[in-house]
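The structure appears right after this line, and notes come after that.
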Ligand code: ATP
Ligand code: MG
C-alpha cells in the first residue's frame, strides 16, 4: 500500500514531502497539522524499507500518542518497529530506566502521580530542613505549586534562589533549600514526580554527551505535535534530542492555541524555537474542520490578542457556507435553565448521535453541574477527565500489591493494601505491626503483610490458598503475568463468598476494563516480553485510569482537555465574565497575558466545531449575577 497523498493540498503536501532539516508548520486549528505530521511519518517509513532508523513522535498526552499511532498504523504496515510515538514524560522515563544509574536512580523507580504523595514528600523535605517548628507556615500542600514551577522551568538547584527572587517570592532562600532537599529525596527514595522525570532526564542529557549521541543515532528524525504548549524543561529536552548536525526537527504548532501558560508554556518559546533551530516556517491557511461562519467569528475573536505572530495568515474556510446558520447564541436568566436547555436541545436535535456532540466549559464545576442536569433530563453523558488512580477496592488493592512488590518498603502502599483488604475480606491488619514484623525478618513489607493475613483464622480457604501460592510469586517478582491471572481469578470469585461486598464490585467491572485497555496499549508499545514489573508500573502511573467513554453519551470536556479534537456539534456553555474569561484574568486587566490566554481558550473551544456551534450564557450562575462574556462582543455575537 502506498500512502495516498492525493487528498492533501499544496501546502500540506510541501510539509509532508519535507526531507531534511528543521521545519515549523505554523498554522491555525483544523488546518491539518496533525494530519500532515502523521502522513509525513508514514511516508518516510514507506520510502525507506531497508533502513533501520526510527522516528520519534512526541506529544503531551498518552491519548494523543495512541491516536497518532492508530493513524500511522492505518497508513503503513510495521510502523511500530520504525517509530516511537510517545509523550515527553514517557520518553524521559525510558531514558532514565536505561541511564538513570548515573544519577543514583535504579530502573525500578516509582512515579509519584498523586498530588498527595508529592505533598508528603515535600513535607518530609521541609521537616528535614529543620523547619518542623514552622510546620503550619511551611507545608507541602502550600508549597508544592512553587516546587512544580521550579521543575517546569528546569531550574537547577544552585539557581533556584535567584529564580524565586525574580518571581517576587519572599521566602526564596528557604524555599530553594526545600527544593534541593525535595530533589534529593526523590533520588534517595527512587521515586520521581512528573516534573522530576523531565528534570532528571534533562540533567542526564546535559551531563552525558554519549547518551545524547546514542539518541541522535537511534532517532535521527523527531516530530512534535502541539508544540505551542511545551514548557521550558520539555523544550530543553527537545533541544538535546535533536542532533545539532542534521537538525531534523519537524514541529507543528499554533501560537493562538497556547492554553497551558500556567504549566509553563509561553508564546516566546515559538520564537525561541525558530531562532535556535533556524527554522523554515510553513503555513497551512486552509481550515478543513469548521463552517466558514465559525472561522469568521474565530478570526474576529483572536484578532483582539496582541503579540500574535505577525506573519501568520488568517484562517480561510475550505467548507462552503450552509443554508442554515451553524451558529446559535442563547441567553437565559439562570444557569440551571441554560443547562436544561442544552440537555433538551441535544435530545431534540441529536438524540441518535449523542457522542458526536460535546459540551465545553472553562471549568469543571460547570461541567459537573451540567452532568447532574443531564441526568435529571435522561440524557446520558460523562465527564471526560484524567483519573490518576484506581479507586475501587479490588483494583486499589491489586495496584498497591504490585507497587509494594516493586518498592518493598513503601509504607503508603502497605497502608493502602491493608485498607482495601479490609474492604474486600473484612480483616483488619495493623500497618505498624506489619512494619515491625518486617523489621525482624527480611524487611519486605509485602511478605510481612501476607504472613499477618495468613495468621488470621477468619480468612476464607480460597483467599488463604491464593495468598500462600501467589504472593511469593509476585514478591519475588517472578512471573507477574501469572500473578495477575491468579489475582483476577481470586477477585472474580470474591463476590460469591462475600455477598456483602457486592457494592464494591460495581466499580470493579469498569476499572477492570480500563486496566485491560491500558495493558493492551502498553503491550502494543513495548511488546509483552519486554515488559518488566517496574516498566508496567511506571507506564500505568503515566496514564489516566479514566474509563472508556460510553458509546451513546454526550462527552463533557473542559476546554483544556478538548485540545486537538473535533466534534460535529459543539455546545460552549457559561460564556460569562468570571468564567470565560476567568475571574483571575479579569483582575489582571484586558491587556494581561492571562486575558490573552482566556481568549485563546475561547478560540480553541469554538474551533472544535465541525458542523454546528451553540453558545450560551445566563445572567445568574450559582446564585451570582454575571455579565455576558466580553468575548461575545468581540466575536460580534451580541
Ligand atoms: P488542531 O489545531 O485543532 O489540532 P489540526 O491543524 O491538527 O487542528 P487536523 O486535526 O489535522 O487539524 O485536521 C482537521 C480536520 O480536517 C481533520 O478531520 C482532518 O482529517 C481534516 N483534513 C485536513 N486536511 C484535509 C484535506 N486535505 N482533505 C480533507 N480533509 C482534511
Ligand atoms: Mg492537531
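Heads up, the Cβ atoms here are built off N, Cα and C, so glycines get one too.
For 6-291, the entry in TrEMBL reads domain 'UvrD-like helicase ATP-binding'.
Look at TrEMBL and you will find 27, 28, 29, 30, 31, 32, 33, 34 tagged as ATP binding site. For residue 31 (ATP binding site), the same-chain residues that are 6 or more apart in sequence and have a Cβ closer than 8 Å to its Cβ are 284, 285, 286, 287, 288, 315.
Under the heading domain 'UvrD-like helicase C-terminal', TrEMBL lists 292-564.
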Excluding 27, 28, 29, 30, 31, 32, 33, 34 themselves, the ATP site's Cβ centre has within 8 Å the residues 35, 252, 254, 284, 287, 288, 289
Sequence-distant neighbours of residue 34 (ATP binding site) in its chain (C-beta under 8 A, six or more apart): 68, 71, 225, 252, 564
Chain-internal residues near residue 28 (ATP binding site), provided their CB is under 8 angstroms and they sit 6+ positions away: 254, 256, 284, 285, 287, 312, 315, 607
Please name the residue among the binding-site residues 29, 30 whose C-beta has the most neighbouring C-beta atoms within 10 angstroms. 30
Count the other Cβ atoms sitting within 10 Å of the Cβ of residue 33 (ATP binding site), across every protein chain shown. 25
Please check the binding-site residues 28, 29, 32, 33 against ligand 1 and give me the ones with CB under 6 A, sequence order. 29, 32, 33
